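Marked as compositional bias 'Basic and acidic residues' by TrEMBL: 1-15. Per TrEMBL, compositional bias 'Basic residues' is recorded for 16-30. What TrEMBL records for 118-267 is domain 'EngC GTPase'. Feature annotation from TrEMBL assigns GTP binding site to THR158, LYS159, ALA160, ASP161, GLY209, HIS210, SER211, GLY212, VAL213, GLY214, LYS215, THR216, THR217. Look at TrEMBL and you will find CYS293, CYS297, HIS299, CYS304 tagged as Zn(2+) binding site.
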Amino acid sequence: MRRYGKHTDEDDIRSRPNRKGNRPRTHIRPKHEDAVEGMVLTVDRGRLTCLVEDRVVMAMKARELGRKAAVVGDTVAIVGDLTGDKDTLARIVRIEERSSVLRRTADDDDPFERVVVANADQLAIVTALADPEPRPRLIDRCLVAAFDGGLTPLLVLTKADLAAPDGLLALYGDLDIPYVVTSREELESGGAADRVREHLHGRITAFVGHSGVGKTTLVNALVPLDRRRSTGHVNAVTGRGRHTTTSALALPLDDGDGWVVDTPGVRSFGLAHIDPSRVINAFPDLVPGTENCPRACSHDEQDCALDAWVAEGHADPARLYSLRRLLATRDRKEGD
Ligand SMILES: Nc1nc2c(ncn2[C@@H]2O[C@H](COP(=O)(O)OP(=O)(O)OP(=O)(O)O)[C@@H](O)[C@H]2O)c(=O)[nH]1
Ligand SMILES: [Mg+2]
Ligand SMILES: [Zn+2]
């Protein structure tokens with residue numbers, strides 16, 4: 001897991017011997033040698049709350065960053081007033097390379113893609129078993145976004161006190177995705193938090209799902225008391241959540257061994273930006289079967305070599321079916 005607060009170290013660039021003996025390579029010298037590293041915890045209208053060492057520092061983007069936006073989870077280089085004192089505002093001068101990106105678009109036709117969270121290791125896809133009703137299509141879409149963005153998925157099925165998880169679990173059995181089922185009772189006893197926590201150690205986990213499924217309720221059970229956020233209600237008539245959470249926020253786990261990122265509920269998870277050829281990487285057992293595929297095969301087309309390969313008995317047909325279902329989710333509308 002990354003550590004924060006180190007001085008960004010680019011000495012290796014500066015001290016590289018200049019073999020040709022011509023002009024010093026000043027042009028590659030980093031502009032902000034005094035910058036320190038921070039982690040973006042939340043973003044509110046251009047103001048970024050960052051963790052620098054053990055201080056919470058408010059910062060804004062330096063003009064030189066241009067249109068590039070820092071998001072929750074980003075590692076950034078910060079200069080200026082880093083005391084964290086009231087009314088101070090530091091400047092973010094660089095966004096470090098991301099190890100993962102969770103992206104979504106508002107819908108599949110929307111060319112504007114937003115990065116929801118950077119550097120998360122795991123995507124907790126939170127679905128209520130009832131109230132609101134589970135919508136497998138959204139789960140499939142989140143899985144595709146996770147596989148595309150380099151995050152490991154974790155299924156979290158909440159509200160087991162209202163409905164049984166069997167049907168939904170059967171749908172995902174062939175995908176071999178780790179899952180946790182929680183209920184009101186287990187939230188209250190602490191059992192839910194304990195079982196979810198087992199999957200969170202040493203990782204940054206982003207929680208996503210529809211409004212009202214219980215993301216914030218769960219995150220609250222995992223973080224120290226003084227960090228709790230407000231939770232909402234589900235409308236008894238429409239069965240929808242109230243979009244109680246309006247911004248993503250990274251919070252350290254109460255045992256200090258990992259981070260959780262609570263995010264606002266989504267209505268849909270647009271996949272306009274997804275590269276279907278990356279989704280196959282989430283199915284390592286099927287990858288060898290793609291050797292004879294046509295170039296740039298989407299693996300969801302007539303000439304795909306996977307059908308014949310699976311028919312020869314090299315892999316479980318259920319796995320290919322699951323892959324195809326995920327690939328097809330991009331072409332179908334949310335409510336199908
Ligand atoms: N019965 C039952 N209710 C739950 C459970 N978990 C959460 N809830 C309730 O579901 C409602 C919505 O919970 P939130 O945590 O605000 O949901 P959210 O996913 O954060 O919603 P948004 O912030 O709007 O995206 C609250 O009234 C919770 O008390 C559960 O396991 N069982
Ligand atoms: Mg919430
Ligand atoms: Zn193929």
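From the backbone N, Cα and C atoms, a Cβ is placed for every residue, glycine too.
Taking the features listed in TrEMBL, we show where each one sits on the structure.
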| residue | record | DSSP class |
| --- | --- | --- |
| THR158 | GTP binding site | strand |
| GLY209 | GTP binding site | coil |
| LYS215 | GTP binding site | helix |
| CYS293 | Zn(2+) binding site | coil |
| CYS304 | Zn(2+) binding site | coil |
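Here the C-alpha separation of LYS215 (GTP binding site) and CYS293 (Zn(2+) binding site) works out to 40 Å. Helix, strand and coil residue tallies for the domain 'EngC GTPase' (118-267), in that order: 48 helix, 33 strand, 69 coil [DSSP]. Put simply, of the binding-site residues CYS293, HIS299, CYS304, the one whose Cα is nearest the Cα of THR158 (GTP binding site) is HIS299. Residues from the binding-site residues list (THR158, LYS215, CYS293) with a C-beta closer than 6 Å to any atom of ligand 3: CYS293.
When the binding-site residues LYS215, HIS299 are scored by other C-beta atoms within 10 Å, LYS215 scores highest. The Zn(2+) site, placed at the center of the C-beta atoms of CYS293, CYS297, HIS299, CYS304, has further neighbours from the same chain whose C-beta lies within 8 angstroms: THR290, PRO294, SER298, ASP300, GLU301, ASP303, ALA305, LEU306.
Proximity to ligand 1 at the level of Cβ atoms, with a cut-off under 6 angstroms, picks out THR158, SER211, VAL213 from the binding-site residues THR158, SER211, VAL213, CYS293, CYS297, HIS299.
Here the CA atom of SER211 (GTP binding site) lies 36 Å from the CA atom of CYS297 (Zn(2+) binding site). Closest to THR217 (GTP binding site) in space, going by CA atoms and restricting to the binding-site residues CYS293, HIS299, CYS304, is HIS299. Largest CA to CA distance in the GTP binding set (THR158, LYS159, ALA160, ASP161, GLY209, HIS210, SER211, GLY212, VAL213, GLY214, LYS215, THR216, THR217): 19 Å, whole number. For the binding-site residues THR158, SER211, THR217, counting C-beta atoms within 10 A of each C-beta gives the highest total at THR158. Straight-line distance linking the Cα atoms of ALA160 (GTP binding site) and HIS299 (Zn(2+) binding site), rounded to a whole number, equals 36 Å. The two recorded residues, GLY209 (GTP binding site) and CYS293 (Zn(2+) binding site), show a Cα separation of 34 Å.
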